DNA sequence: GATGGGGGTTCCAGTAGCTGGAAGGTCAAG
DNA sequence: CTTGACCTTCCAGCTACTGGAACCCCCATC
């Protein structure tokens, strides 16, 4: 299977697949002409990576998860720890964004948004 | 005022101040020895930038907001538009994160996290 | 006058995770 | 034989800094 087929089947774009190979997340074989050849197992890995990334896991987390996935003797505790840590980070981000959102929404609400210069948004940034 | 004093008073670190000068957000004067000299107005600008960044505005938004702030003849509608757009982006990010969070929390909840290999988190990434 | 320390300066590289684009090789069809 | 759709590598750029190296400046002290 060529890279574009693997991309289509895994949902991971060709550019990204090459990048993943670059950083050692996948190791497709090569044909005599230099083209990458993807086996089913490569496509499965890519799909796995795509899902993990969609859940917001960083690349190094993905690397670790992939290794655990391939390790039949893994302890699920390790997986859970990685996921729980990530969940905590997401919660922190959400909290930050909510704070921003609240402040910003207040400011937007109180700005008339007409052609006059008076603006509580700017005032708040200034004060 | 030297850069470290300006940093302390504005809350923006020296490195970041230099970066902001680099991209044209502030233009401190220079002494004969090459040291930057910050006036009150520079400190005000930096403080403004610090607050805008803390609300999550991107650098280019900051540039625009700064220009509007300095323009006595601005229309508050412009400011409001920038802020409202940014608010929408924040809302979108929060929504994305919440989706992730929900899925992830479910997975974490259902993983026993012991020393056995069976793991619904990995199963979900695989399937 | 030398020295030491705490400022300041510039410039380069790296961070995360791709993505766009250039320059060029390969292959099947017409 | 050429066209067009693939594929390859490599380099640059994105966001907003941040760390670090190498070097300059100024003041106080010995």
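Don't overthink the numbers, they just go from 1 along the chain as shown.
Any Cβ shown, glycine's included, is placed from N, Cα and C.
Database features, via TrEMBL:
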type	residues	note
DOMAIN	B:1-68	domain 'HTH merR-type'
Notebook entry, point to check: Looking only at the domain 'HTH merR-type' (B:1-68), what is the mean pLDDT?
Noted result: 97
Notebook entry, point to check: Looking only at the domain 'HTH merR-type' (B:1-68), what are its DSSP counts of helix, strand and coil residues?
Noted result: 42 helix, 4 strand, 22 coil
